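Pulled from Swiss-Prot, these are the features on record:
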ACT_SITE  71  active site, charge relay system
ACT_SITE  116  active site, charge relay system
ACT_SITE  210  active site, charge relay system
DISULFID  56-72  disulfide bond
DISULFID  180-197  disulfide bond
DISULFID  206-230  disulfide bond
DOMAIN    31-254  domain 'Peptidase S1'
SIGNAL    1-22  signal peptide
SITE      204  site 'Required for specificity'
């Protein structure tokens, strides 16, 4: 599948076309152009795991609810999933928790990644401390070009191959939906109302970071969703706009 995706990217580049949406959802993600980080600086960060392997990120919303991306939950059941909290390392440390159920946003559209957000319900409550904390949701869209930070685990595009054990983070700038859909960038009408973008030359979230946090001033402003390639010029990372889906997150978290 990976070779097929790379081939599609090459064809798209040569002919100036956009790879079909969903082909490069950032679900097996990596942080590109980032640095090793400690969980104390991102205590809301979790590793979503299946079959003992990290494959998506997420954010702690409350003592028993995690926010992640809807596309991370395709073709899975809750019993297959685990969440590691409180560790800078996806493979060890902290605490590994079971998922009792999950809920995908009712307006999620798989082909376009609209409303690409979901909630996970833990089977027991977390105890908050310096490495395990909830993150507050933003009430509004952050200013254009605001400093933001993305964190997660995954391939770094530099040797050795494979995903790094330690959490990584990268600084990016907020790009509003209207500008992300403009001629300044390559997405056009693929950017929908539920999305926001972030961009920096040579820096990006990528496959495996999906569901993870985009943060401004310690507020969750975005959920890693999709993009064309990773850190590719003119193609910012695309995120769920948390201000756009906040009310439904809050109400569903109370009822899940």
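Cβ atoms here come from the backbone N, Cα and C positions, even for glycine.
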Assigned element (helix, strand, coil) containing residue 210 (active site, charge relay system), judged by DSSP: coil
Greatest C-beta neighbour count within 10 angstroms, which of the recorded positions 71, 116, 197: 116
Other C-beta atoms that fall within 10 angstroms of the C-beta of residue 210 (active site, charge relay system): 30
Local Cβ density at residue 56 (disulfide bond) - other Cβ atoms counted within 10 Å: 31
Alpha-carbon spacing, residue 197 (disulfide bond) to residue 116 (active site, charge relay system), which is rounded to whole Å: 14
Of 116, 180, 210, i.e. the recorded positions, those within 10 Å of residue 72 (disulfide bond) when Cα atoms are compared: 116, 210
Of 72, 180 (the disulfide-bonded residues), the residue whose Cβ has the fewest other Cβ atoms within 10 Å: 180
Integer Å distance between the CA atoms belonging to residue 71 (active site, charge relay system) and residue 116 (active site, charge relay system): 6
